[in-house]
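These notes concern the structure reproduced below.
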């Protein structure tokens, strides 16, 4: 085995459960049990120093191994490791958009609640509306915004932009970046009839924010069933 091949393999071998290659596998197995990455959908990526670890495309996320990971150099955007029999994630350009704005982890799910909320918003508020909700305790799990101290409060309004879906995942980047510019305090973007992207400063924050948002989205769907408003 060539020296550079050995170095590439070393990038994904560690006994540390918090190592990105191990952590992505653990997270995706949990996300599968939540129904977020069913049928090979969704993905997760972690930025660790100057390296980006990315789950592959088209694989059963609950069965992934650390050796399935792609590793990219953050500065050059060149792959340092590419598993020969797997495809790079189609989400990669979207993950990069989050990392270029300081994120340490980005999660993409195909949550049913996310999909349903995008349909409800379009029906009730119009094609260009964003998702808005307030006076829900779990909103406290969402940061106020990039560069701001603390999290949103109970009386604050959570806003999550919604972008149109495209035939190919990578083609979402332009509209995703536009939404990031328009809503600079948002840590999530919904994709109509598709799912959601959630990012955070680190893995812990991205995971807990994704959990909080999914909980809020489920509540929002149930509130609509009962005729309850999301905002005053």
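Yeah, the Cβs are placed from backbone N, Cα and C, and that goes for glycine too.
194 is the residue from 48, 168, 194 that Swiss-Prot records in the Zn(2+) site together with 108, 110. Comparing the binding-site residues 108, 110, 194 by how many other C-beta atoms lie within 10 angstroms of each C-beta, the top residue is 108.
Residue 110 (Zn(2+) binding site) sits 24 Å from residue 137 (active site, proton donor/acceptor), taking the C-alpha atoms as the reference points.
For residue 137 (active site, proton donor/acceptor), the Cβ neighbour count at a 10 Å cut-off comes to 11, with all displayed protein chains included. Counting only the Cα atoms, the space from residue 91 (substrate binding site) to residue 108 (Zn(2+) binding site) is about 8 angstrom.
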